[in-house]
Each structure stands twice: as C-alpha cells, then as structure tokens.
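K.L.:
Structure incoming, see below.
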C-alpha cells in the first residue's frame, strides 16, 4: 500500500500488485527465494512519467499504470525468449549504485508531505521538491510529524536489531506490521483530526480486465524501457545473490521470462509494474524459504487480506505508510559504496558521482541516460586505448613479464617485446601503432643485455591475450610491416590463438610477414632474433660499403652465414633450436653456439 501511494495510485492497487504476480512468478520464475511485488524505485518511475500525462485522481492515471505493467511484461518476455539479458551488463554497478542512491533521496523527500501535513510538488528532481517544502512551511502540522517520526524510529530500531542479532532477525519482517498496528491503534483510540488516513479500501479480489488506453502506449515506451532495465537489474541481481547463497544455478533469461509473464498476467488483474524486492526477498531467505511454494503461501495470505481485512486498513495513518517507505529506501543510500570507489577506483567514483548528481538535479530519466552514456564512454575509451606492456625476461627463467610490474626483468638490445592485452580492431589499431612506434624510439637501456647495437631491429608481438583481430587491424598490421621493412625492422608474432591465426592466414598476412616469424613461445622468438642481432653486430665490424651498395641487415646476415636460420612449423612448437644445448639455463645472453 505504501508503494502504491508513492506511485500516485490508491493503496488497493499495491495489494493487487502483490497478489496475482506472485502466483505466476512461482510457476515461471527460476529463483526459489525472490519475492516480487511493488518496489519503491519502480513506483517512483511510474509516478514520474504518469504525473505528466494525467492527474493521479483521474481514472486515466490508473489505466496507464496498468498498461505500463503490460508493456513492461511484454518487453521482459521478449528479452527472455531472445536471450537478451546480456544487454543489461552494459550498465555498470557504479551507475546503479549512484542511481539508486539519488532515487532513494528523492523518494524519501516525496514522502515528507505525510510527515509535514501539507502537499508538496510531485517531481523526480530534488530542487522543486525542496522549494515546495520550504514554501509551504507555514502549513506545518505537529501531530503527523511526531507520529511519523516515532514510527520511523521504531522501524529503524527493529531493522538494526534484526540485522545485528541473529536470534532477533524476525524483527526485520515484523517492523512494517508493527508500524501499521501501532499507528492504527492510536488513531482508533484518539481519533486525531490532523492525521490523514488511508480511507476506504475496496474489499474482494481483483476482477479480470484487459488494459485500455493503448493510444498512450507510444509515449510510455521510454519509461517502459527504463522500468524494464531497473526491474531486471534489481531482480536478477538479488536472485543471483540468493541462488549463490543457497547453492543452485539461476537462468537469467528464464528469470526475465518469469518476471515478464508475472507482469502481463498482473496487468489483467489491475496490477501496476512489479519486480523483485530486495527487503522482502532477504526476509524470505532468512525465514528459510527453499522453493517457490513460499511465494504461493504469500499470495494466499494476500488473497485472504483482500477478502477479509481491508476494512481494518481504512484507519491506517498515511504518515505510518510514509515511514515504511522511508525506512525501506534509507538502506538504498549507498554512501559506503562511494567511499569504497574513491579508495579503489577514482574513475568509478566519478561515474557514481555523475549519475547520482544528474539524477538528483535533472530527473530520473536523464540521470540514467547520462550514467549509462558515461559508462559506455569509459568502456569505449578503455577499448580504444588498450593496455600494452613491454616484456622482459625474468632472471633464471624463460618467462617474460611486464617490466613495469617486474623491475628485475631485463630486455635485449635490438629487440622489443610487446604484449597487447586486448582484441585488436579498427578502434584501437591506431593507438597500438603509435605505441609500437614509441617503443621503437624510446628504449630503456639500463636493463638491456645481449649484443650491443644502436637501435631496434626486431619487434616481437606477444598475442596470447588477443582474442580477436578484424580486417582493419590486419590491414594496419600489413602497413606496419611495410613501414618496418623500410627501416630494416622485422615483426615476429608469438602465440596467436587459433581464430587470430586463421584471420591472419586468410588475409595473407602470414605469408607477407613470413611463416618463419611466427612462434609458439616468446622465448623461441627471442632466441631466433638474438641470433640475427649477434650476426648484425659481427657484420658491423667489417668494412661498410657505400650507401648505394649497402644491403639490408638480412642480406648481410645471409652473406656472412651462408644460410638462414632453420625454423620448423608453428604447429610442432620446434621453430627454435632446443634449449638442451645449454648446461646452464641462466647463461646470458641466450645465444646458440656456432658449429
């Protein structure tokens, strides 16, 4: 009933929304503990959009809320059947935390009118609400404020005791009931005229009816998308957490379908959009619920309440219901998450701050859009600017690691080993090429070993983390190869996965670079490249021909040795000579003995 009032509806529609959908979800849903029904965030979204179309006292307002339930249910069913639940992953936890924190503040302020005793403007933005509260201060009434505050204190005390002491955890579930009983008892005894009551509530079960007012459906599409996203995130997140605690697997797509069917059938029995409730699901879990039967029992109790108890609800104070809503949303103000993000990741903290601020001052829809937009912008930026590491060899091993992470790792003169920690595609290939050129010029000679040469002759690309490479990246790799060739630099490819190697082969990049320059391990590539660097060093000691006659370093190497380095096939993993020729694995630099 509290959430129905928050949505701008009569309290009875909150009871209807907690009746039929529970039975349907128990049949089609996959979570054994999830309790679905009206929730604060969805109720605020419903109120926010419908208040701009119709007055809450009009029948059209109620019809649109029911139509919204049908549209949300259809969208959730479509997403479940098409297995599109993965789309929600693009909304980060920081966005959700910032959004729910701001929404909780707006929800709490929207309930202030029941505490203050006068009407305030209904809005999803904080500034109009605060202005309305201040402007109507001369109408302030003490009785509802005192009663609402006392009930809120009782609720928070029972919630705290229920959380902190296991043997008192039943108090969490008893809190709202206690608030209603105390408030109703006080009103029945003293009959205070300054405290508004819920009033008459229809008795009996909801009748079957088809949602109407479809001409407004187009204007409700944006809100449908928003409510669906929020509902899915809230429900699936809670359901997955409860499934993990109870040791069973949850099918996210079946969960979407179950929520969708529950909303569709609920709309036929006067329910507005419903989803999984965090607080009620937590109580369900703590009470020992092990199957959907708990939802059916809850539904039966709701049916009995609709049939026999609605006359008692007439004397419930509005401030008591408001206290229940405020108590429920206080826990959504996630300031601890903001502190955690500030300590761990400043970028996520910035995202949290942007989302919460825009939601507070510009409204829920804009807040979500800005939050998701900035989140996607961060994803695109990270994808377009992937992490690239220069690798060095760990002393006494054939293992190569990031020299920034392992300062003791050393590199070799004339060789730079680069690991690309992301798929390579059109958006990041330009950045990768720029970084490779940078590594070619800017080298740290303090940790370099091997034959002393003046510049880079080999660039080894460690491609084990590269899961995908597209056609644009292949073409850029070819261009980079030609550019390097013109400066006597050779590319070597290490450990590409099957899909990447297949793409390079189809595009003829393998033949262009040379099959002999593809290796299974970085160590194999370093061995071969070191032989070439040693030969270049020796060749540089001989007389230099004139620039017109000067051959490339590969030609000088072939002329000196009379033969090329023998390399086996990539599949055999034997494209470098065996390490067994060395009695001391730590011998530096790693070069093969000449016959």
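We number each residue from 1, going along the chain as drawn.
Including glycine, each Cβ sits where the backbone N, Cα and C put it.
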K.L.:
Tell me which of 196-219, 220-243, 388-411 corresponds to the transmembrane segment entry in TrEMBL.
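P.N.:
Here TrEMBL associates transmembrane segment with the stretch 220-243.
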K.L.:
Scan 320-343, 416-439 against TrEMBL and say which stretch is down as transmembrane segment.
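P.N.:
Checked against TrEMBL: transmembrane segment maps to 320-343.
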K.L.:
Which stretch, out of 349-380, 445-476, is listed as transmembrane segment by TrEMBL?
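P.N.:
It is 349-380 that TrEMBL annotates as transmembrane segment.
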K.L.:
State the residue range annotated as transmembrane segment by TrEMBL; the candidates are 35-54, 135-154.
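P.N.:
Checking TrEMBL against the ranges 35-54, 135-154, the transmembrane segment one is 35-54.
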K.L.:
With the ranges 170-190, 485-505 to choose from, which does TrEMBL describe as transmembrane segment?
P.N.:
170-190
K.L.:
Which residues of the chain, 6 or more past the ends of the transmembrane segment (170-190), have a CB below 8 A from one of its CBs?
P.N.:
2, 147, 151, 154-155, 158-159, 161-163, 197, 279, 282-283, 286-287, 312, 315-317, 319-321, 323-324, 327
K.L.:
May I ask you to check whether the transmembrane segment (349-380) and the transmembrane segment (220-243) make contact, with contact taken as at least three Cβ pairs under 8 Å and only pairs 6 or more apart in sequence counted?
P.N.:
yes
K.L.:
Restricting to the same chain and to residues at least six past its boundaries, which positions have a Cβ under 8 Å from a Cβ of the transmembrane segment (292-313)?
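P.N.:
Residues 1, 11-12, 15-16, 18-20, 22-23, 25-27, 29, 32-36, 184, 198, 201-206, 284 contact the transmembrane segment (292-313) from elsewhere in the chain.
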K.L.:
Looking at the stretches 35-54, 94-116, 320-343, which one shares the most CB pairs under 8 Å with the transmembrane segment (60-82)?
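P.N.:
Per the Cβ count, the answer is 35-54.
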K.L.:
Could you tell me how many residues in the domain 'STAS' (405-529) are helical, how many are strand and how many are coil under DSSP?
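P.N.:
Its residues divide into 56 helix, 25 strand, 44 coil.
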